[in-house]
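Enquirer: In case it helps, Swiss-Prot gives these features for our protein:
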ACT_SITE  Pro2  active site, schiff-base intermediate with DNA
ACT_SITE  Glu3  active site, proton donor
ACT_SITE  Lys58  active site, proton donor
ACT_SITE  Arg263  active site, proton donor
BINDING   His91, Arg109, Arg154  DNA binding site
ZN_FING   239-273  zinc finger
Amino acid sequence: MPELPEVEVTRRGVAPYLEGQVVSGVVLRHTGLRWPFPAALSQTLAGRTIRSTGRRGKYLLIHFDHGTLIVHLGMSGHIRILPLGVPPQKHDHFDMTVGNQVLRLTDPRRFGAVLWHAAEEGAVDQHLLLRTLGVEPLEGLFTAQWLYRQTRSRRSAIKQVLLAGDIVVGVGNIYASESLFQAGINPKTQAHRIGLQRYERLAQAIREILAAAIAQGGSTLKDFIGVNGQSGYFQQNYFVYARTGEPCRICNAPVRQIVQGQRSTFYCPNCQK
């Protein structure tokens with residue numbers, strides 16, 4: 001699933017093509033993805049100017065004066081910017097034409113979403129999917145003190161707390177495993193048992209790993225590509241994720257794989273305590 005770095009890479013890729021431009025048309029090639037496409041979406045967007053782009057966790061936000069288009073890439077989605085006239089393929093479900101370019105959403109498994117939040121409904125942060133999200137890990141509110149305070153009553157494993165998204169947002173399965181490794185924290189440790197000093201290491205690791213992943217175009221494991229069609233390459237730098245049985249890059253102990261909350265977790269039993 002595309003995580004925060006992949007969505008931020010996508011946002012930065014589409015922004016120069018969208019911001020300040022007028023939408024000339026929308027094509028929907030299915031009734032919807034995870035949820036139905038909004039009614040009359042073509043009429044809602046046609047002729048309207050895109051003011052800016054944003055991101056909240058794993059959601060791409062495209063802002064207009066009269067509302068915000070909310071896009072989620074789901075498990076297997078990606079967005080490309082293409083010239084006019086490029087024929088759609090089987091899994092190309094949404095096109096938005098801007099100038100002489102087309103923003104095209106491809107989603108083979110159809111777990112993504114394209115939703116509309118009208119301005120009269122209030123701030124987009126109050127949308128049902130966004131209102132309970134935690135702080136952004138690359139912004140100032142995200143600190144070790146925040147993690148420490150918010151986890152005093154959390155008896156769940158720290159890996160599952162990171163994935164929940166209500167304390168810190170956008171840290172998915174890949175980057176949670178990698179961040180916990182860099183911080184030296186066993187993913188099975190109950191969150192409330194972790195002290196402030198260890199949260200200092202974890203907060204720093206999350207920031208550094210997410211920033212590095214963005215700089216390297218995200219991770220391409222199966223489906224994700226950037227808007228220009230290029231793959232990310234952060235996966236070349238994984239220390240533990242998807243390296244079951246391979247030697248730890250630090251101590252040579254075999255990397256272990258366990259299941260937490262129906263998700264695979266990867267860690268080094270020697271380096272992570």
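Backbone N, Cα and C define each Cβ position, glycine as well.
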Enquirer: Using a 10 Å radius around its CB, how many other CB atoms surround His91 (DNA binding site)?
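Expert: For His91 (DNA binding site), the 10 Å Cβ neighbour count is 16.
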Enquirer: Which one is it: of the recorded positions Glu3, Lys58, His91, Arg154, whose Cα lies the shortest distance from the Cα of Arg263 (active site, proton donor)?
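Expert: So, of the listed recorded positions, the one sitting closest to Arg263 (active site, proton donor) is Glu3.
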Enquirer: Going by C-alpha distance, which of the active-site residues Pro2, Glu3, Lys58 is nearest to Arg109 (DNA binding site)?
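Expert: That would be Pro2, the closest of Pro2, Glu3, Lys58 to Arg109 (DNA binding site).
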Enquirer: Please work out which residue of Lys58, Arg109, Arg154, Arg263 has the most C-beta neighbours within 10 angstroms of its C-beta, and give that one of the recorded positions.
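Expert: Sorting the candidates by Cβ neighbours within 10 Å, the top entry is Lys58.
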Enquirer: With DSSP assignments reduced to helix, strand and coil, which class does Glu3 (active site, proton donor) get?
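Expert: In three-state terms, Glu3 (active site, proton donor) counts as coil.
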Enquirer: Please report the DSSP secondary structure of Arg109 (DNA binding site), reduced to three states.
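Expert: In three-state terms, Arg109 (DNA binding site) counts as coil.
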